[in-house]
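Novice: The following block contains the structure, expressed as structure tokens.
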């Protein structure tokens, strides 16, 4: 047992060397810390002779966001590692392989995915990933189904839920997504140009009512083991491969929160096309791809999830006629509501997305922000009435038409 | 540290003697085991000189119900003891005081309530308890509010939730309340006379749909620390005092489950009046008392709960206009649904209630069973539409009028 200390690049090599069956004895290894240093150290360690490489990720005992620093539990490394192992057992091709986990050092040694790119960057570069919807739909269906009372022994599920009590990281979400954007909070990060829109959010008590319902679901609805932070920055991608990473926010929560996170981040990029598309036609074409992807993520998820339910449901009572449809109708509504909350917070809350923030033209950036806010608030407002994924697409399309004065 | 072994009466005395500040040194103590031996040993220990007495309750490592025996975790003694301490801290006058808890021996030493009677017996004897509704309404409001995300620090709530993961005792509820009554299960206990009504239950897919929704809430809705088994056999009572006992089923679940349990058991006694009331007028009068109590339990709960919310809510977002009303409207509906499920299971499920089973006249007993089933199934069927406690009362009244051919 070692006591916790942040590793140096040299110590990371030492540590990697002692993992069985990874590198050849005595081979030359190089190590580079490639993390952003906000939450974790991330060492890229590779073997000169073979080119073989791994990632060693070590949690830091604090979080730094926009200059602020606050203490943060190292237990999140355990949660991340255990969540990855569960996800891998259900979707071997869709998460990095975990070679080792060390509780004392709060570190995880995992597959190197340097041949992938972070999906957010891929979308900013306006790449298309035709397999993504199938991959993430399957990931969501398998993970959410088999960790829930539908697909997992219900007593084991409760014990597993106890291992994923994650108060500190849940609090970040509770504050930054389900509270601060709806008041004049110090943590908010609002561009001066759209302050009027933020002030509208703060005064909109109908919206606050819906946010309260969503917040309550996040706090109390222990449906399944969530990733908890499934935005496009938590996904490594290349045309033929999708890998979900960084589940340190994992906890038992409402399924729609994870699905909504994926859709929200596709739609944030959709809004960001105000600043990235060279011309109207090219913009329309990439937006059509994004909306199609939004739709396919849901339909792949739903198809997979229904098949799992029909073939592997552990619960006799949940096979009651009509109940599966009822469950999925509610899940779509939750998905829409959470997607809306995820979009709003990325415009007025603490943490933004590069898709929009990196737009250099201030007017285009403002249009993108206003469009994202319009879609997000519309999702929140209507979530409990939505009946199909096409309605969600229609809202996004309609808001962009209204904002921009013409129909796509 | 002692290893676990079931205590004898003499050992129970020895154990009690060493608890500080309880009995006088060297005084004469007597001990009688007064439990039914199904789940726990219950020793009544009293000091001859002073008459002072306590209860020593020790969990047995098995459960015996109707001759069957299956292993059961001793951890339920910890859960019961910790739940009692939390309930006592919130309602000092409404639960027995805990003098000591011993994890190794799975035992709790608590206040002797021999001057009270089990409420179920009190109701069978047709006593009235005019303070009960105020007491239990306050107990429910305090306990459910201050253990929930409304009244407790939301990070501490998650940690507490982790301490009340209670898979084995939850499974008893999941099977006996939310599954077996709705199929021809071996565990069911159905009198031959009402087999036709049981078979109707098994064939009623609309009912199964609503039961699936209730079951899902029981499995996933971690609103508050429930008692988990709050029937009138878990309540000690006398005219000026109400004490809630036996929270070994405690876990984080939907608030309406506890409230519904109280209402269901009042209404089971209401149905049982078919067999206990000497004449029509006397029956109508006791039934009116029971219905009034049902109403007052809810209204006292609601009034207390809203006051706590207005004065002690820890959550800014939950103060959104309209959200409190929305929450309580949903909670009433959950309460109605769970009350219905609780009534049905006491007629066709494994464990019945003495209120009805002890009726000697078979025809009257059958009428009581059919009435309880009619009210219970009607509650389940309509729970998601109910808008006021008066509607619930109206359903009970109407079902009894239909069953008995006249209006009360």
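Here the Cβ of each residue, glycine as well, is placed from N, Cα and C on the backbone.
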Novice: Kindly point out which candidate in A:57, A:64 is recorded by TrEMBL as part of the ATP site with A:40, A:111, A:112, A:113, A:246, A:247, A:248.
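Specialist: Of A:57, A:64, A:57 joins A:40, A:111, A:112, A:113, A:246, A:247, A:248 in the ATP site that TrEMBL records.
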Novice: Given the binding-site residues A:111, A:112, A:229, A:246, A:248, which one is most crowded in terms of C-beta atoms within 10 angstroms?
Specialist: A:248
Novice: Within 10 Å of the Cβ of residue A:345 (substrate binding site), how many other Cβ atoms are there?
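Specialist: 24, counting other Cβ atoms within 10 Å of residue A:345 (substrate binding site).
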Novice: I need the nearest neighbour of residue A:345 (substrate binding site) among the binding-site residues A:40, A:57, A:112, A:113, A:246, using C-alpha distances.
Specialist: A:246
Novice: Looking only at the domain 'Aminoglycoside phosphotransferase' (A:33-265), report the model's average pLDDT.
Specialist: 95
Novice: Fill in the CA-CA distance, residue A:111 (ATP binding site) to residue A:229 (substrate binding site), as an integer in Å.
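Specialist: That comes out at 20 Å between the alpha carbons.
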Novice: Where does residue A:345 (substrate binding site) sit by DSSP, helix, strand or coil?
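Specialist: The three-state answer is helix.
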Novice: Count the Cβ atoms, other than its own, that fall within 10 Å of the Cβ of residue A:113 (ATP binding site), considering every protein chain shown.
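Specialist: Other Cβ atoms within 10 Å of residue A:113 (ATP binding site): 19.
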